[in-house]
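Engineer: Pulled from TrEMBL, these are the listed features:
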type	residues	note
DOMAIN	12-199	domain 'MHYT'
TRANSMEM	16-36	transmembrane segment
TRANSMEM	48-72	transmembrane segment
TRANSMEM	78-103	transmembrane segment
TRANSMEM	115-134	transmembrane segment
TRANSMEM	146-167	transmembrane segment
TRANSMEM	174-196	transmembrane segment
TRANSMEM	216-237	transmembrane segment
DOMAIN	380-513	domain 'GGDEF'
DOMAIN	522-772	domain 'EAL'
REGION	768-795	region 'Disordered'
COMPBIAS	773-782	compositional bias 'Polar residues'
Ligand code: C2E
Ligand code: CA
Ligand code: CA
């Protein structure tokens, strides 16, 4: 250590030593900059930057060595051999390159140590070669231990410098690594210098040194610093340009730069988009690739001709910049293909049904208008088909929406298959489809298409075997015969469809004028019924049911009444089927049930209350829960409620209805088979469910007096009831003779106008009677009037 200090102090010109250290620092920093850049870029560039770094480092090391040698005063004049000096420079650069390359590998500290060792060996070989280049009248003797120490110190410090470089960030990285490298280089150099002894050898031939050492030193310093500064400038410049070009290439827009109307540059995006290379384009007018370019006023749309002959829709924005020192135009070219596709998809979605991809209502409306307009112009005809699926809602409820979707797709494919390609098939919503048939002689063409649709459905949808098969109903209206505008035609096709649905389904029906009136009236009732409850137009009448033997009232039947504005009291036989079709029976029926239970709960005698429940109400999955809730709410004992069902309730989904009946039964509610004898398979129905009562249909009662067959049917029913343990009621008893006949036949209860008409709430009647009893002991209850004759008959 001491010998090193004395060597620097005694044998060196300190000003030159300082210059060497400064050059060394600049060199090290100049090397660290490109090395930082190398960390940021791709593999191909990284090699380049490592090369630049090694060059700066090697130059710095060599210049340091050379200036330090010039600073050395060994006591005799020293000259330099050119070849070896040049070799030492080469070794310095190559050694640095190898060291930096190895240290840059991703092996953590191990790479840094390897790099440090290589760096030390590189500097040492440069140093020793440089020493060999010295021409002087002396022999240079090396102390091997000191030399080894120099290499070890250099390796150690270089490793630390690499470590600092790869682990620190920003300016700290730059300074810490550069200064440590300066220490490494200086340690290596000066320890080596301290290890040599010059043994004078006057016999050695030395070429005279012509250059003054200070001048030489100045030249080396200036040259080295200039070289290094150039390296630094290149780094900044290059990185700036790379960033700019990177930005231009990263742009989503293709860029064309024009000078005096000719292309001089373009970015990668434009080349990728058009397929043209810069070489193909430069010097050409932009019209070679762009169909038309608008001026500088806003973006313009045009077509880009690609190299492979395609045309792409693009948007071009023009602006002016200064580029390479000249005023230039920049065309920013944006690809509109994706936007166009997106627009097309959105447009398609807006006009098509997602599930079946058929035109939706909005496109249907448009096509309908177009079709009528065309027909008007050409004096031709148009047929509009409204198509409705039978049973679809049930299938959807039972088998789920996925199955429902599958059926809708299948229907769409059937319609596509049978319709002409000039026809428009649309899905209007749910299970409603429509076809606009704009070509052909009507009604023949429509008849043909209708037959084809029905045939195809019959072939594809086997209702007997496939539980998910659906049927189809078609309503057809023609232009101009059935209307002059789209609304009228649509309305009339709908009326025709309505007619099919209420007249058996599974058919096609052309519109005619009579249909119109009937349907309109029905529609009117349908819409009025929807508000009847809230408008207080509905009430319940109560008709007594009497014990056939005693003549005492055993209960009442609740019957719905509709006071329809402008029509008076409307007949249930007319409005109930309509309420069942439209579904409003659900609401109405529940309301009646509630009213009737509330009324019965007021009675002092625990008489029964019979309520009619529509087959449609049995489709509700929660019917049982609703009944239970109403009983709770009104406080009526379940055993006092009789639910009257007709055989129609058992036709559809018999098992489910049976299960509901069982559950109602288990609540304690009584189940009555109403209108018995009119439905299908009456007998089998009686066997499958233990009804609490059977009501003989009133049509038989009316015939009893004159028709022996009617009497024997009633007798048979009563006999059957007896054998099954089900009491029989006869309703519609209007005459005393009828009453006597059914009592003789063994009927348990009777009901009819003779015995009491449907009337206001019994609780009101009772209150009125109690009031009148207080004044006169007379009764005007019609249900009482027959009791006297019966008793008389019995006397
Ligand atoms: P229904 O269940 O057979 O009711 C008995 C019908 O016979 C009642 O007709 C009643 O007024 C009538 N009637 C009673 N005694 C006689 C008689 O001696 N002679 C004649 N000719 N008729 C008699 P209404 O009230 O017009 O009801 C007709 C049908 O409407 C009922 O037949 C029932 O099926 C249905 N209905 C009535 N109210 C409701 C209800 O709240 N819900 C449901 N789902 N259906 C109801
Ligand atoms: Ca009834
Ligand atoms: Ca009945």
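Our numbering is plain: 1 for the first residue shown, then up by one each step along the chain.
Using the three backbone atoms N, Cα and C, a Cβ is placed for every residue, glycine included.
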Engineer: Sequence gap of 6 or more, Cβ distance under 8 Å, 3 or more pairs: do the transmembrane segment (174-196) and the transmembrane segment (78-103) meet that?
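Structural biologist: With fewer than 3 qualifying Cβ pairs, these stretches do not touch.
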Engineer: Ranking 16-36, 48-72, 115-134 by the number of C-beta pairs under 8 Å to the transmembrane segment (146-167), which range is first?
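Structural biologist: The stretch with the most contacts is 115-134.
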Engineer: Let's see if you can do this one: DSSP helix, strand and coil counts over the domain 'GGDEF' (380-513), in that order.
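Structural biologist: Grouping H, G, I as helix and E, B as strand yields 61 helix, 33 strand, 40 coil.
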Engineer: What else in the chain is close to the transmembrane segment (78-103), if you only count residues 6 or more beyond its ends and a Cβ gap under 8 Å?
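Structural biologist: Non-local partners: 31, 35, 50-51, 53-55, 57-59, 61-62, 65-66, 69, 72, 111-112, 114-116, 118-119, 121-123, 125-127, 129-130, 132-136, 158, 162, 165-166, 206-209.
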Engineer: Which bits of the chain, at least 6 residues beyond where the transmembrane segment (48-72) starts or stops, bring a Cβ under 8 A of a Cβ in it?
Structural biologist: 11-17, 19-21, 23-24, 26-28, 30-35, 37-38, 41, 78, 85, 88-89, 92-97, 99-101, 104, 122-123, 126-127, 130, 134, 181, 185-186, 189-190, 193, 213, 216-217, 220-221, 223-224, 227-228, 231-232, 234-235
Engineer: Below 8 angstroms Cβ to Cβ, which residues of this chain, lying six or more residues outside the transmembrane segment (16-36), approach it?
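Structural biologist: Counting only partners 6 or more residues beyond its ends, the transmembrane segment (16-36) has Cβ contacts under 8 Å with 8, 49-50, 52-54, 56-57, 59-61, 63-65, 67-68, 70-71, 96, 100, 104, 165, 173-174, 177-179, 181-182, 185-186, 214, 217, 220-221, 224-225, 228-229, 231-232, 235.
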Engineer: Under an 8 Å Cβ to Cβ limit, what residues of the same chain, 6 or more beyond the ends of the transmembrane segment (216-237), are close to it?
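Structural biologist: Tertiary neighbours of the transmembrane segment (216-237) are 16, 19, 23, 26-27, 29-30, 33-34, 37, 52, 55-56, 59-60, 63, 66-67, 70-71.
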